[in-house]
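Below is one structure, written out as structure tokens; the observations come after it.
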Amino acid sequence: MLVHRLNALKDNYVFVLEDEAARTAAVVDPAEARPVLEALVRLGLKLVAIFNTHHHHDHVGGNRELLEAYPGIAVYASRRDRGRIPGQTVELEDGDTVAFGCERARVIFVPGHTHGHIAYHFAGCGHLFCGDTLFAGGCGRLFEGTARQMQHSLGRLRELPGETQVWCAHEYTLGNLRFAHTLEPDNAELAERLRTVEVLRARKIATVPSTMAAERATNPFLRWESRQLQRAAGAIEPEEVFAHLRALKDRF
């Protein structure tokens, strides 16, 4: 399975998944339809499915137009987002599996950013599509869920293999790492990653995907055991550390 990263809106990423043998495609979180339709023509692919992680408009805004161009395709999303996902045909629960070509994704329920947020983990090829739950160097805001939910969700994701490719839906990495560095100035791996990302963004080069290993080493929202982060948060319990760090990031 190939993954094609498309730019959309201001800073969104949309992902077109390609089944090379069947010449079919699925799209993850189509913020808008036009870049997807153009990519399908360019790549010579037929769209067969949409995978939505949550209901926010910048993740489902292209659904209707894609359904007009490809009527009858499957639209996967959380059962908890029933009525909020345009064209949804399949309601997913934690632990469900969805197939695309020869690959299968496990659905991981990751509430926090929204009540119904899910992620798709293609273990066979090592890809995670996590929407706005886990970002490169950061995590999503708590719009509907609680800090406890989000910390638990991130804890589930950080247990995935280190080589997992983390495909998040926004280019927020530079700001996230600058914030992280204020909290852990002695984290050498974080400092090196920040320098690398500064160079990449100066050249308008994308920083997505990252890897789960890089996130575990440098993302403060996965590092609640860090003594330095515990001191910054004034807490020890993982949920409390996360909540304090998220509040600090909201004001950064």
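Indices start at 1 and increase along the chain as displayed.
Cβ coordinates are placed from backbone N, Cα and C, and glycine is handled just like the others.
Annotation comment: Swiss-Prot describes His54, His56, His113, Asp132 as Zn(2+) 1 binding site. Annotation source Swiss-Prot lists Zn(2+) 2 binding site at Asp58, His59, Asp132, His170, citing sequence analysis.
Counting every protein chain shown, 25 other Cβ atoms lie within 10 Å of the Cβ of His59 (Zn(2+) 2 binding site). Within the same chain, the residues at least 6 positions away from His113 (Zn(2+) 1 binding site) whose Cβ sits under 8 Å from its Cβ are His54, Gly131, Asp132, Thr133, Cys139, Gly140, Arg141, Leu142, Phe143, Glu144, Gly145, Met150, listed in sequence order. DSSP assigns His56 (Zn(2+) 1 binding site) to coil, not to a helix or a strand. In sequence order, Ala8, Leu9, Asn12, Ala31 constitute the residues six or more apart from Asp58 (Zn(2+) 2 binding site) in its chain with CB-CB distances below 8 Å. Taken residue by residue with DSSP, His170 (Zn(2+) 2 binding site) is part of a strand.
Counting only residues at least six positions away in the same chain, the Cβ atoms of Asp11, Asn12, Tyr13, Asp132, Phe135 sit under 8 Å from the Cβ of His170 (Zn(2+) 2 binding site). Here His56 (Zn(2+) 1 binding site) comes close to Thr114, Asp132: these same-chain residues lie at least six apart in sequence, with C-beta atoms under 8 angstroms from its C-beta. Within 8 A of the CB centroid of the Zn(2+) 1 site residues His54, His56, His113, Asp132, the other residues of that chain are Thr53, His55, His59, Thr114, His117, Gly131, Thr133, Gly140, Phe143, Ala169. Listed in chain order, the residues near the Zn(2+) 2 site other than Asp58, His59, Asp132, His170 are Asn12, Asp29, Ala31, His54, His56, Gly131, Ala169, each with its Cβ within 8 Å of the site Cβ centroid. With the fewest other Cβ atoms inside 10 Å of its Cβ, the least crowded of the binding-site residues His54, Asp132 in this structure is Asp132.
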